[in-house]
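Worksheet: the structure to be examined is printed underneath.
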Amino acid sequence: MATIDGRPAQYGISLKQLRELMEHRGREGVIKIAEIGGIHELCKKLYTSPNEGLSGSKADEEHRRETFGSNVIPPKPPKTFLTLVWEALQDVTLIILEVAALVSLGLSFYKPADEDAPVLQEEEEHHGWIEGLAILISVIVVVIVTAFNDYSKERQFRGLQNRIEGEHKFSVIRGGEVCQISVGDILVGDIAQVKYGDLLPADGCLIQSNDLKVDESSLTGESDHVKKGPDVDPMVLSGTHVMEGSGKMVVTAVGVNSQAGIIFTLLGAAVDEQEAEIKKMKKDAKRANKQKNLTGESDGRSQIKGSQAPSQRQTTTSEVTKSESEGNHLPQSSSSAAAETGHKKEKSVLQAKLTKLAIQIGYAGSTIAVLTVIILIIQFCIKTFVIDERPWKNTYANNLVKHLIIGVTVLVVAVPEGLPLAVTLSLAYSVKKMMKDNNLVRHLDACETMGNATAICSDKTGTLTTNRMTVVQSYICEKLCKVLPTLSDIPQHVGNLITMGISVNSAYTSNIMAGHNPGDLPIQVGNKTECALLGFVQGLGVKYQSIRDEITEDKFTRVYTFNSVRKSMGTVIPRPNGGYRLYTKGASEIIMKKCAFIYGHEGTLEKFTREMQERLIREVIEPMACDGLRTISVAYRDFVPGKAAINEVHIDGEPNWDDEENIMTNLTCLCVVGIEDPVRPEVPDAIRKCQRAGITVRMVTGDNINTARSIASKCGILRPNDDFLILEGKEFNRRIRDSNGDIQQHLIDKVWPKLRVLARSSPTDKYTLVKGIIDSTVSENREVVAVTGDGTNDGPALKKADVGFAMGIAGTDVAKEASDIILTDDNFSSIVKAVMWGRNVYDSIAKFLQFQLTVNVVAVIVAFIGACAVQDSPLKAVQMLWVNLIMDTLASLALATEFPTPDLLLRKPYGRTKPLISRTMMKNILGQALYQLIIIFGLLFVGDVILDIESGRGQELNAGPTQHFTIIFNTFVMMTLFNEINARKIHGQRNVIEGLLTNPIFYTIWIFTMISQVLIIQYGKMAFSTKALSLDQWLWCIFFGIGTLVWGQLITSVPTRKLPKILSWGRGHPEEYTDGMNLGEERFDSIDSDKKPRAGQILWIRGLTRLQTQIRVVNAFRQGLDARYGDHTNTSLAEVLRKQTSLSKRLSETSSIEYADNIPDELTIPEIDVERLSSHSHTETAV
């Protein structure tokens, strides 16, 4: 028989049997485990040990992967480079340009034999095909560059997602040692430790549990937390959240074989079928429409049907709403998830304004392009057929095609297709760099939003402090020690109770390990407060691990795990002589209220009167808190079957441990300890930077008010003589609620502007505060709030916030999934860096806008005026395509990769209503455009005289290139290049050279563009419609280019305040820009279609500017991140299947469709929801 590491290769249970086992719930699960022979027998069948875990050998691990699979879901393969090239070729403008170029190319070879046309000059005849070929080559270059950008971005985003997935670790036992491994490395047979806040990465059966409760709404739709235990419900499933308690499980299914994996596999197949069905339906609709047109159906009938569409859609919507309301199996979290998704979508102010701008410029560019073509054709016809009275000849078709090419090229230059590229590049660059600054970005929008942040609600522990806790003061037997005592200083029975109580009543995952090198500080693993207490036990000279080895977790009778409501933890263990002992620890104020006894001098037991409590609080706890110490009390209570002492309780049987109120009372206080958690040395400076940058920092903590006040003062959140509020959670709730106990916004508005510290607060208080600030209308602009969180219950506040920061070290998996950014070092100063990067993203886009709009204005006006005045555009098609490449791809790369500077923190936040293009920017755009137009038109009309060269005006369309028009083209490019340096400053700074050498990407691209321009001018010839220039002519071109820098200084001298506000663009609330458009998803409101842009218009302009491809990459990444154990957990399988059924039904019922665009818009909603759920299967994700 084959063996692996000395044991049989054949397991005692098959993969199929394990899958069937995990389908059972509750009592059924208990029965099935019993049929196998119990949980220990199951472990034997899997060749694992409940205490030792797997051996950890490579051969064993590999064999388990081959037999039971890996804990990953195979990703959908990425699109190939050729696929991206094909998608880039779908651009409407490029298709028109390609067709026109091919026609031009064909006509250049066409020579009618039966016409008496004058013979072209030999060189013109020989090179007539070059322009058409050059346009084709230019299009190919644009397509390849676009595809390469998409390809590299997709690779980068996948790399980012892999990094995020790699951050997800889980505790397992291997070789008898507890270790943290990546969830992708978890195997069937692993013994995994389950604790509060975990997101379970695999299916398993519980070996042991302590007060374990799990949120299974992601799979079952049930919103109530399910109690788990070997005797109650031993089955725990991947993708579910541990909301309370702890335990230990043996892993039974991973990857595609787990319950979550099975669902994702089904969803992936369902989405593919659904997409195919929708595509087929659209094709059928188009075919039916064409047939109707051919058969000559009346327009009136079509119009009547079209007018009925909205009402039909409304009916469908109401039907859907009704069916959803009838579906009582839907989880409550689904609706809340939808609401939150809507909130998150609303936030991208920058993208909303850029979309609006792209659409407006696209319409303006289209209008001017059409006018240019019409004017050129009319002028050609009048001159040729009216003035010269020539008859029509087939060769004139070539002239018309060239006019069309000029018009399309104007459109290519006018439409700002570089905008989404600039956004994508800036975000991708920022995300990559932010990782080095300890910010792991999960949602790309968070970068930009953080730049607008006006308020930060921060936790205290670990964020403002070092989270390295140590006990520095203690109060034992009425003796306050500011130096740690030894065990001999404490009465023996009290010392034994304290060391036993701390060792047992702490999570066994909390440990103190020796440093890696001699002299290093001990490493604290797990809960840092518990580590401080364990360190205190070690300081007394007792080995806590020896106590734990004697009293293992499976001997626990009951565990009351710590949560934000209890603010304490309790553990019940059997007493050696019968009965039970409860150990508890927690916040001093909480424990003190439950104590009836205390050990006094020499360890004598005394009644703990109210006067003694007040004195202890006044003389011990408050002074400790004022020193910034966290105070923790340790207490116990005995339940005995025989005669009970004064501080014990007699029992006849096992107490009702669920009656927590009566169990946790009449406790005996053992000690009070003061735990120091020093403020991070860099935090006070970081908070000063935030305050200088116009960001209000508030501390929201669970510590008592004195500790919170002390830490806030040390950090600089509170300063002497400031008129600010410090409230406890109870007082905060009293102030914001009316007589009926309901929260009122106008009451919150009276509190939050002055509130700086919220102490003894719960996660609900944090959520209420964040929501109140966001919903407030007190400020001129809506507040943009960032929040930090680390606990499972912080999820709602993290979701509600504009930007949610989760702690990478101390944060639970649930908190991380609810966040936008993960702080990998849990450090507040990293948030300040996120603010810098966020403002830098905004500024980078503004720089690119300032540069591109100048080029747009000049190029379009020159082409249009040239067409009107000299019957030709001074800038040829290929030349404008080159300018388009400069200002789109290369300039966006150069300007989007500027590094942030500390100066970004010297100004106030932009706010959500700040114009996208400020008056200063518009001053620069119009001023530079004016300068460039004066120079270009001067060269166009009198340049030939001044420079003593042959005029290029009035030449035949087929004539060769001239130095006159070459100088105009070269001067335009030189002015554009030097203006790119001007564009680096958008706030009126005079020194535009500052920081230039710190951005190698910028000056490398600038030099490359300059060299390319030289080669094009000197050697481009017919291909680029250029003629080589002399040194003198080059100097003139460069002189005019450098003139933009000098002119920029003059523009800067013009006071911005005197300019009318109408010159700024994009002022107002973001809602004005987000109506009817959504860059993240193609979803449009059909009911209010008369008030919002039509879906067809949006799709047209997006196809025109290649927005679709750019945003697809970004959105795929964002959805992939959301799906990784996150957003999919808000939707049950039942809901997904219901939506699929509903969609299929409506598709089959939709029989009369005029146009593909008339498909009811709400039909896309289930498709999008399913895609978000199944996007998990599109990226390699460890479940």
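Just so you know, glycine gets a Cβ as well, placed from its N, Cα and C.
Values in this document were obtained by computation on a predicted structure and should not be read as measured data.
The feature transmembrane segment, as given by TrEMBL for the ranges 77-97, 1001-1021, sits at 1001-1021. Among the recorded stretches 848-867, 921-942, 962-981, 1001-1021, 1033-1051, the one sharing the largest number of Cβ pairs closer than 8 Å with the transmembrane segment (361-385) is 848-867. The list of residues near the transmembrane segment (1033-1051) in space but at least 6 beyond its ends in sequence, with Cβ under 8 angstroms from a Cβ of it, reads 923-924, 927-928, 931-932, 935, 947, 949, 963, 967, 970-971, 974-975, 977-979, 981-982, 990, 992. Recorded stretches compared: 848-867, 921-942, 962-981; the one with the most Cβ pairs under 8 Å to the transmembrane segment (1001-1021) is 962-981. Under 8 Å from some Cβ of the transmembrane segment (921-942) lie the Cβ atoms of residues 846, 849-850, 853-854, 857-858, 861-862, 865-866, 869-870, 874, 953, 964, 967-968, 971-972, 975, 979, 982-983, 986, 1040, 1043-1044, 1047-1048, 1050-1051, 1054, 1056, 1059, 1063-1065, all in the same chain and six or more residues away from its ends.
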